[in-house]
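Right, one structure below, let's go through it.
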Amino acid sequence: MALNLRKNHPLLKIINDSLIDLPTPSNISAWWNFGSLLGICLITQIVTGLLLAMHYTADTSLAFASVAHVCRNVQFGWLIRNLHANGASFFFICIYLHIGRGFYYGSYLNKETWNIGVLLLLALMATAFVGYVLPWGQMSFWGATVITNLFSAIPYIGQTLVEWLWGGFSVDNPTLTRFFAFHFLLPFVIAGLTLVHLTFLHETGSNNPLGIPSDCDKIPFHPYYSIKDLLGFALMLIPFISLALFSPNLLGDPENFTPANPLATPPHIKPEWYFLFAYAILRSIPNKLGGVLALAASVLVLFLIPLLHVSKQRSMTFRPLSQILFWTLVADLLILTWVGSQPVEHPFIIIGQLASFAYFTIILILFPIVSALENKMLKL
């Protein structure tokens, strides 16, 4: 009998084992669709980004004009740019929902997969930040100035580090050039990390909504989940393309339509919406180093989540107290996002401080306490 090429060819075998014959739990819900959606986001961003890079000039005197040129003179340049700009927003929507799913269902107990995932989030945040600087508008320039300046809070080496990062004494041409280099490189680092993420995931197999072993009831990925993923793609691409075509500037800052001017500071410097929660935490501490540490901790706390798991159950499906805490945390993050977009004045300052305090308290203190309480109530 002839060998099945799909199962025996050195390259096709890898694809087969991860996308076709992969044994998958039979009960994973739509919350498990976001991994493949993130893959689609990454591919979209790399393709549109490559097309934009062909027309972009990484020079302070030409960057803004080159972006305008793409939108005016390049065939479908406006569409490519709008897809790339809004693709970043959808990338973050998907990754936040994906992390939320992992948190709710206890997927973080696959520690290697989770830790690589957190590294992926950090790489994505770095990519988005350096990318936002490239159009060289007002918010690009001042955003870069404010965020890179945070490194100067590091004791002893801070100032030297910032000047080394800038390539001078302020954000200028060398900064823009290196940021373009980083923005081009990092997505490929993300693609590499994604393969590592999947490699670790396929060592253990997917978790499921019940948080129990599912080896006794696995089904092949194709056709069941391949068709489900296609539905997910359609449901994401429809709002994504609608946003890019009907209101492409909805999520952007109008300040970025003004070319960068080091002599005029915008009245309200704020990052894109997906960084606002962290920005609110940064601003809520009236001390530079303290704010920087809180900012770093707001994302790095994700590394601690597997260590803080004290429940005897993996998933939150049958833990109503933890569920209440989880949705309180979600609401808290939405409050932080809103506060981050507001000016630094009363009552936003105190709201931001309370929300920041609540964020760390819920994750580091309340979740372990409530989990232990649930164990006791269930006599586990």
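Including glycine, each Cβ sits where the backbone N, Cα and C put it.
According to Swiss-Prot, the protein carries these features:
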- H84, H183: heme b b562 binding site (BINDING)
- H98, H197: heme b b566 binding site (BINDING)
- H202: ubiquinone binding site (BINDING)
- 34-54: transmembrane segment (TRANSMEM)
- 78-99: transmembrane segment (TRANSMEM)
- 114-134: transmembrane segment (TRANSMEM)
- 179-199: transmembrane segment (TRANSMEM)
- 227-247: transmembrane segment (TRANSMEM)
- 289-309: transmembrane segment (TRANSMEM)
- 321-341: transmembrane segment (TRANSMEM)
- 348-368: transmembrane segment (TRANSMEM)
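Least crowded of the binding-site residues (H197, H202), judged by neighbouring Cβ atoms within 10 Å of its own Cβ: H202.
The transmembrane segment (289-309) and the transmembrane segment (179-199) are not in contact, since fewer than 3 Cβ pairs between them lie under 8 Å (pairs 6 or more apart in sequence). The binding-site residues recorded for this entry are H98, H197, H202, and the Cα of H98 lies nearest to that of H84 (heme b b562 binding site). Sequence-distant contacts of H183 (heme b b562 binding site), defined by Cβ-Cβ distance under 8 angstroms and a gap of at least six in the same chain, are G49, T127, V130, G131, L134. It is 179-199 that, among the stretches 114-134, 179-199, 227-247, forms the most Cβ pairs under 8 Å with the transmembrane segment (34-54). H98 (heme b b566 binding site) and H202 (ubiquinone binding site) have their C-alpha atoms 17 Å apart, to the nearest angstrom. Secondary structure at H183 (heme b b562 binding site), taken from DSSP and collapsed to helix, strand or coil, is helix.
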